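Novice: This structure is in structure tokens; I'll ask about it shortly.
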Amino acid sequence: MAEEAILGYLENHEEISDSGEFAAERGIDHAEIVNVIKSLHGFRFVDTQDIKRETWVLTEEGKKYAAEGSPEVQLFLAVPAEGSISKDELQKKLDSGIFKIGCSQAGKNKWVEMGKHISRKVQHVEDKVKDLLLRIQDAKAIDKDDINSLKARKLIVLQTWKGYSVRKGPNYAPKRKKPATDLTRENLQRGDWKELEFKEYNFSAKGPPPECGHLHPLNKVKDRLKDIFRQLNFEEMPTNRYVESSFWNFDALFQPQQHPARDSHDTFFLQVPSTTRQLPEDYVEQVKEVHESGVMDQEGLVCDRGLTLSHLIGILEDFFSRLGMSKLRFKPAYNPYTEPSMEIFRPEMLRPMGFPEDVSVIAWGLSLERPTMILYGIDNIRDLFGHKVDLTLMKRNPLCLIGIR
């Protein structure tokens, strides 16, 4: 209805000078007129010019007084024409807010005599406040002093009204045809496709975001670490051994029976099967490789037996250089970047395996969380994993890591 009214009016007139007056004359909501004008302007059916007017409107309190009367007049009418009324009894007749404001304003206007008992000083009063509020409600002008008085009582506020003046645009037509979005079989059969106006294709429009999973930063960094170790000629050991006997986990490492790691709150024990007596025949040969855990006792990460500490430091420095982290320090020195962990195996573990007495075996490893935090600029480890992690962290992070070229 609003679109037909605007386009139809412009067919025979040069301009709609004021959208507000145009809407009021036709009984159409101005907000609907504005929405249609914006739509027509977007397709260049019309050209527009902004109109701004500042008007005073009633607050909720002002609307209440315009309907029921000002508090001072309500209080005045509650006081008997002859005699007086006690303050407590008068307060019961009125709302607490009306009574408080009414006493102040009626006393200021010298309409009533205030005290323990309240009586009238005059017999007739005019509700000027209500009259002024009604004039503002009807969009009529009032004096500046009256405006300031109502504004001070927070009965009116200044509101900016926005509208448009409207003229024909370069694509004006008395009726807007809705552009087609698809060429259908029916269009081809009827032959009306020749007269159709198709909506322009928006090549900049974004499609719906794909619903898919995202790699966690820890997984990304873990894969990167594994790639670097492979480049340094290390071999990855199997990691699918989820259940292991206590022999490989503890006994093969000469861990004492009273060690806290053997307690039930640190280790899960199976009921079925509860024990095992099967040991591989080539146990001694397998454990001669490298030892760090139950899995590594059996499989191992193969490297040169002649590896010295200085060689290991060189390997680690090369490793962190490839990772994009140039500085490296060892325990116990404080390291703000990462802390390689090193352990030397006990001689009583190595001797039964046939190692000479002058041979020592070092187990070493790296943390995963700290390099990940550094590479992704994460300060708190709780932001990396746990129940408080922000899931958008996985979606925001790119496939390539920060600091890696």
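Quick reminder: no glycine exception, Cβ is built from N, Cα and C everywhere.
TrEMBL labels come from automatic prediction, so no person has curated them.
Pulled these from TrEMBL:
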| type | residues | note |
| --- | --- | --- |
| DOMAIN | 3-56 | domain 'PheRS DNA binding' |
| DOMAIN | 70-125 | domain 'PheRS DNA binding' |
| DOMAIN | 201-275 | domain 'Phenylalanyl-tRNA synthetase' |
| DOMAIN | 288-391 | domain 'Phenylalanyl-tRNA synthetase' |
Novice: Please list, for the domain 'Phenylalanyl-tRNA synthetase' (201-275), how many residues fall into helix, strand and coil according to DSSP.
Specialist: 25 helix, 0 strand, 50 coil
Novice: Can you work out the mean pLDDT of the predicted model over the domain 'PheRS DNA binding' (70-125)?
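Specialist: A mean pLDDT of 92 is what the model gives the domain 'PheRS DNA binding' (70-125).
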Novice: By DSSP, how many residues in the domain 'PheRS DNA binding' (3-56) are helix, how many strand, and how many coil?
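Specialist: Helix, strand, coil within the domain 'PheRS DNA binding' (3-56): 31 helix, 13 strand, 10 coil.
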